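S.K.: Take this structure, written in structure tokens, and hold onto it; I'll ask about it next.
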């Protein structure tokens with residue numbers, strides 16, 4: 001007795017007007033079944049966080065003079081182990097069993113890096129006290145390609161006579177600005193850094209300082225009124 005095999009049906013072409021077949025949705029899981037995980041703690045897990053910050057040659061003498069002011073908040077406030085390695089010319093930071101926060105090492109590294117860029121110790125300490133501050137760095141050539149005397153004049157427009165332009169930008173935007181060669185470093189909150197960076201870029205391009213001041217003060221006043 002012979003049996004015939006059933007051949008699979010060919011897929012039917014979908015035409016306009018055919019009813020749409022919806023797949024059944026998965027049932028929502030109970031909220032009590034969702035696991036909750038506690039925050040990670042490096043000290044509790046026994047991990048050692050390590051950071052290394054390189055110090056430029058022209059910042060060795062300021063680092064030596066301000067070393068007690070740098071080490072004190074790192075050791076007493078963040079409970080870190082700090083040392084300066086003369087071979088690698090780096091400041092090395094390491095977490096200790098008494099370090100309360102897993103992100104303390106990164107905070108300390110940002111503080112030391114800000115000082116290495118040229119900021120004063122009092123200004124760099126704000127990175128340890130406030131959470132919404134960071135450092136933004138860029139180069140004059142990133143805004144406009146300049147060479148020779150044109151580059152020197154652009155840097156001079158940022159600083160101004162006796163640093164008056166730089167101080168005016170700092171006071172209007174509540175930031176701190178460091179001009180190191182052709183590099184510009186700005187310390188502050190994200191919104192204030194944007195206002196200061198726009199003003200500095202306008203000066204680099206060659207806008208008149210008077211228009212830059214008026215525009216910067218208007219934007220900064222509007223920003224501070226919102227806050």
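Every residue number used here counts from 1 along the chain in the order it is shown.
Each residue, glycine too, has its Cβ placed from N, Cα and C.
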S.K.: Out of 1-31, 32-62, let me know the one TrEMBL marks region 'Disordered'.
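M.R.: So the range that TrEMBL calls region 'Disordered' is 1-31.
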S.K.: DSSP helix, strand and coil counts for the domain 'K Homology' (137-205)?
M.R.: 44 helix, 14 strand, 11 coil
